[in-house]
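Just passing along the structure, written as structure tokens.
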Amino acid sequence: MPFKISRQAYAETYGPTKGDRIRLADTDLILEVEQDHTHYGDEVKFGGGKVIRDGMGQSQQSRDNGVVDTVITNALILDWWGIVKADIGIKDGKISGIGKAGNPDTQEGVNIIVGASTEAIAGEGSIITAGAIDSHIHFICPQQIETALASGVTTMLGGGTGPATGTNATTCTPGAFHISRMLQSAEGFPVNLGFFGKGNATNKAALEEQVRAGACGLKLHEDWGTTPACIDSCLSVADQLDVQVCIHTDTLNEAGFVEDTIKAIRGRTIHTFHTEGAGGGHAPDIIKICGESNVIPSSTNPTRPFTLNTLEEHLDMLMVCHHLDPKIPEDVAFAESRIRRETIAAEDILHDLGAFSIIASDSQAMGRVGEVISRTFQTAHKMKVQRGALPEDNQRNDNHRLKRYISKVTINPAIAHGISAHVGSVEVGKLADLVLWKPGFFGIKPDLVVKGGCIAWAQMGDANASIPTPQPVHGRPMFSSFGKAINPTCLTFLSESAIDAGVPERLKLERSYAPVKDTRKISKQSMKLNDARPKIEVDPQTYEVFANGELLTCEPAELLPLAQRYLLL
């Protein structure tokens, strides 16, 4: 006889199912489960008197016969492709199955076999996302990495050599010597890493040698001189060696205007950093480049979202990061030219329309490395409050908006930088970089961070307590963040030409590594749920932004979710 159970009782036991709705933390964002693959009445769950026991939900099969290393039971997946309830199987550090876990000898529809070799993570009541990708990192200090991991970021791409003056301002690891040292340093960190070389050179040989030394991309930055000639040279090398180019354009318009930069790019694929312009770029109209089909536009998080405090904090940040002197009027004028209320307000709306594709941090260089995910969903919340439901959504849920915004920090930066074969989504075959969130803490404090199939970070109580939960409970690094466990669970991303040249062997790298691929034939249309290409115009006098003739403006937020309610500091 089938047994009927109330939705509330079912959700409390196995987590929410199809049709159930969840409020995300203290935002106004509502998620609704679209599908459930766990089979009612045949769910697996670990614990005393529960299902995953020998001869019941646990099979007699061996690992060699298909048993997974880890099963995450009854997980609610939020990804660009859907919002579904499912079990997740992990084997050899990769996602091996999404669907129904258990024992095929006693249960039907099992595609994830649980056995004696299987560890269990309870996903009931948790939301699972792919580990976030921060594609705008200034590697100023190594402590950034723990802070990023604690927030749910598992991949960091950028440049730098430490707190050098150049690194404080630009995301470049210049030259083979510094690239080699950073690749060797990466061996000790429990996240995926990749480093950008300096792209500011008209001599192509100076750029090629950096890519062949191990750079996974090149960065053009105005502080090194982003001239049309440098842009053309850098993109030519990138096309030859299949790496992405990131650009911070010429705020002062010394070498040309935004139209000249677009002309120099010549339709080639490029990732434009902080495309609104407060972080740097042609003043006042770099934002119009987000309508170009070959441009992948991103934001950095200090302007996410537009608040009462956004403008005030930017001036001092800018002066420090770009080595400017407040006693020099020209330096102050340079800084002030980048900070515009009108373009920052428009940036909010362009994200909601899917015209801006990526959000990153700009870590310690006008951005906060631990706030990529929280700022993303603060923006989503603000836009729901100010603009209402998206046309693709309804009064029951914000599913399309949630999928659009999660894509900005997961799959889209992965595609942009040629690493989507390995990371960026919860899909079979990809590295098991997964973040588990309790709904009340979604976007602000992960419960667990799984890195390459092993727990790298978790909320953990007093180590001297008799159980794991006594206070003080806070995020702490776990076993796979230490020792040689880092090597098989984390990837270092290199150019394919560097791998062919034997860089990992020459530098005696022990970490797993992978090449970046297919960065040059992608376009704005490759961006999941964020491929809108409106025609952008900026009034040169008022700085008002228009998309397809419509004025884009919104008020600054006075109060935000995912903020002081959750944080003591």
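A Cβ is built for glycine as well, from the same backbone N, Cα and C atoms used for every other residue.
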From the candidates Lys50, Lys219, Lys445, give the one listed by Swiss-Prot for the same Ni(2+) 1 site as His136, His138, Asp362.
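It is Lys219, as the record lists it for that site.
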Validating a neighbour-count step here. Other CB atoms within 10 A of the CB of His136 (Ni(2+) 1 binding site): how many?
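The answer is 32 other Cβ atoms.
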To the nearest whole angstrom, state the Cα distance for the pair Lys219 (Ni(2+) 1 binding site) and His322 (active site, proton donor).
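So the Cα of His322 (active site, proton donor) lies 16 Å away from that of Lys219 (Ni(2+) 1 binding site).
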Within 8 Å of the Cβ centre of His136, His138, Lys219, Asp362, which other residues of the chain have their Cβ, at the recorded Ni(2+) 1 site?
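Here the nearby residues are Ile137, Gly158, Gly159, Thr170, Thr171, Cys246, His248, Phe273, Thr300, Ala360, Ser361, Ser363, Ala365, Gly367.
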Of all the recorded positions given, His138, Lys219, His221, His322, which residue's CB has the most CB neighbours within 10 A?
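Per the Cβ count, the most surrounded site is Lys219.
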Whole-number answer please: how many Å between the C-alpha atoms of His136 (Ni(2+) 1 binding site) and His221 (substrate binding site)?
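Answer for this pair: 12 Å between alpha carbons.
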For Asp362 (Ni(2+) 1 binding site), which residues of its chain lie six or more apart in sequence with Cβ-Cβ distance below 8 Å?
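His136, His138, Phe273, His274, Gly279, Thr300, Asn301, Pro302 - these are the non-local Cβ neighbours of Asp362 (Ni(2+) 1 binding site), listed in sequence order.
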